[in-house]
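These notes are about the structure you will find just below.
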């Protein structure tokens, strides 16, 4: 289905559009008749200019801001008039902001007649379709109809792999279609919203430019050619990476999809409904707003705090009227809140105090030493709550306790030294600080100076494998996490609530035995007294409280129910508003890149089966190594200064990583001093370095054999001499030598004939007679049966032969990536076909089950509930690790005066629970169980002149296809996976770790807080929270808690599998897999198409071939060169192949003439390479005496393994046989002489 899509983009079958501009021809071709004459051309030109010149179209919009004032006249109750000119000034600036740039104007001009809207059933534009190269193309995920009378009726061909569909463009529209290009060098390109940057193989745009509804828009170069088609985007902090469709030089479509991509098809709007009491209303159109009714607006937010459309409701609450701009300010949400006073542990670095800039919390999860601070003051607002970039506001700790303001220059942040303020919003500051044991935020103004210090260790952080104090100017960029400085980002929510009543003695005055309630100017206060009877009231001016004679009999407080305050443990929760709201936590932790140093590259000295790394660094740098065989033996060491490290390297290879350099893999060659084809001492020297044990055994055995042979030969010669010196006695009693006497004992023998044998069987054993007689008869019967079945077999075989369209070839390929396996397919009646199979990549894909995710927790301590002269009771709550406790006898007196009348009956309900940290979305770990693993390999198969790439599962069942080729692989010879049953994934690194089961949490251990996903509501935790009794000096919630198990695990997690996996596996995630593991062998069955074979009559026939090896160096590379001299009957292509595993040829096919010679290169690991080579099926033997390589260490793995018969050179065998032959000859000669002497001297009477 996709093949037509490729061909459509690759062949360019349609002519390019002409240079002449013909505006909006597509809209006039079908519905209207063609106009003739000069008037028609002038009208078309006028229409095109008015539609395309955007700058002229925007200028007449200046007088249009007149309608809004008409609506404002309907509400004459609002007295302040200065508010009217402010929106007019803003609207005057709108045309300047929306004026398109040069790139945008060019894109709009080119899109006018070539880009079509795609609409849904409601008529909303949800995407776009593009006319290009004779086709109309539309993203597949854009479900709608093209807004064109002709194009909407076309039949589209779908390509799900590339998320595109296309149809033939009508002939009368083809000349105006876009053309595409596969050339897109790095730089900037044009699209509907301005400039698009192409760098590092990705298209990116500034954040906030483009979004839903832009799917299908083209990205064009300066010539107007389409470079890519936009499908979606992925938010990456300050920029957005685009998901696009591009084309390579061959016209093949390439889809690029960044991680986290969202499709940019405008989804239909679904209006969410919110509640207020029993009345429902659209969340984007609440019945009131905060400016009109602050208290009711907060009621609406609190009642819908858990609604999915809470953000939409919050946005609508913050603006009044539907006629205004739909886009709100990014800093106006904290106008709902108020600063407050809180208890600071260390004010002015000395003692506790009630501070207007109390530090609530400090986050230091970023990798660039940036911290996020939450305080009780608010930044970016003036005292009225309006957004002001250079101001902050705080709650005054003077008697009036009013909100005051100051300039941001008065705010100072420090740790062990001053910090650099990066950004601020609401309660939050973002700063980059040096390491220290505490964080201090201070207000240093001319009127007053105050500070708050929080004990918090800010440790020096670094990313990568090299420690540094300051980031370098030049180096290498690697992934890291930083706090986003943009104020629009959100890391989650912070809980808010209405403030409770706090009593202040400054609101009471005692004079002449009377008590007066004295409210601040323009404020209301409420007093409660126990002067015999209970008395209460709310006053706005100085008022006497009758019947009371002492201040301690009364409390007075003010309570503002039109503002939220942070859910701080230093504030009392209001009794009438226990519900909570929430606001966004700014400065989200996002993935980014950080500049890190790169240490000096090590000076590597290669030796025989070892390397020496001469290291020199002025900062701590990590050196890790692992072997690439079955036993990785990983090592880890932090190094500083000058040093030398030595490592042994074998044939399997060694990988070392020095600092932030890329991993380096080295392999040992079988290099050694001496000469395997030289004199004996050179042979012994060579093999002693390669195989010391066997060489020592061989030399010792030869020496022992020589000594034994010489000794036995000498002894036998002495014995023979002594026995043979005595002559025979010619006496009457002479004896015959034993050797002659033995000859007389030899008896003659002859075989019986067949007739005699059968006669014997007939007379003595008739059953054996019949058995012997039936043997020839059985042979005749079997032969006749075979001849009778031969003809039907050939008929059946001939019937099926015509249906076979492929030839099956089975082989076994080593699972070593990038090492080709070569074979020669010999089929009767056809010329030999060369076959090359290369495992390009392999993946071990385990089936996984995520048990839970865990991360650092945040302890939420809500504002306590305080009840005077009574008791409270805890209620169950649906929070993780929720703890509640009621304490009595609290707060008889507080800062500023009496809070409760009673001395011991007062009670406080303290609560605490945990939540996932605000930065959990970026910094969390996945606990995963691993089950049965599958294996998938990417194969490159070359047969004849055809090359195919395909992916196939190695299970022996699932076939893989590529064009006419069918492959079945597996099962692999040995099952293997580097993963244990339980693994943990953290920031792309994989660890084998036996984590606790889901629901079995333990405080201070990995998994102390668990959730099935980052957005799920099933959070469970066990952190050992223990609430303590508060002291009477101020409102607070003391508690103790276990440390974060996630943080403890991060500090003791060990090395990841990426650095310790055996067989050189590369570990990857999303999905979890092990890549390019070199182990085992893969059986492969290939169905080769018949068209790939050439009949013998059509292929060159080589009659003679001779091999001469001109040069040979055994190594990992192709160090051998051989010349094949041949005689052929015609010119053509011939496959050349090595039939021995001793050597691998580099060439697969050579061009032959009628007579000549070709040179081939081969690789071997043996000093004596004797291998059979075939040229067009004609075989010959190449004998090569190879020399050892000069390089001891190489960067490529070996292509051949050593074989025993080729591991020892022919010269070595000759010398060895000579040594053993000399010793055995001496031994045999000695024994022969001894035997002869014994036979001649021993006599027999």
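Cβ atoms are placed via backbone N, Cα and C, with glycine included.
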Which one of these stretches, 249-253, 254-258, 259-263, 284-288, shows up in Swiss-Prot as region 'Interaction with spike glycoprotein E2'?
-> 249-253
Membrane_side_equal(residue 752, residue 939) from Swiss-Prot = yes
What mean pLDDT score does the region 'Interaction with spike glycoprotein E2' (157-162) have in the model?
-> 82
Looking only at C-alpha atoms, tell me how far residue 1112 (disulfide bond) is from residue 869 (disulfide bond), rounded to the nearest Å.
-> 101
Recorded positions 222, 283, 548, 554, 874 vs residue 1107 (disulfide bond), shortest C-alpha separation belongs to 222
Here the Cα-Cα span from residue 920 (disulfide bond) to residue 1134 (disulfide bond), rounded to a whole number of angstrom, reaches 63
Identify, among the disulfide-bonded residues 1077, 1107, the residue whose Cβ has the fewest other Cβ atoms within 10 Å in this structure.
-> 1107
Reduce the DSSP letter at residue 289 (disulfide bond) to three states and note it down.
-> coil
If you draw a 10 Å sphere on the Cβ of residue 283 (disulfide bond), how many other Cβ atoms land inside?
-> 24
At the level of the C-alpha atoms, what whole-angstrom distance separates residue 855 (disulfide bond) and residue 868 (disulfide bond)?
-> 40
In whole Å, note down how far the CA of residue 1176 (disulfide bond) lies from the CA of residue 869 (disulfide bond).
-> 107
Quick one: among the disulfide-bonded residues 531, 869, 884, which has the most Cβ atoms sitting within 10 Å of its own Cβ?
-> 884
Among the disulfide-bonded residues 529, 548, 554, 868, which residue has its Cβ surrounded by the fewest other Cβ atoms within 10 Å?
-> 868
Which disulfide-bonded residues sit within 10 Å of residue 531 (disulfide bond) - Cα, from 554, 884, 1065 | 554
Nearest to residue 1176 (disulfide bond) by C-alpha distance, among the recorded positions 222, 283, 289, 884, is 222
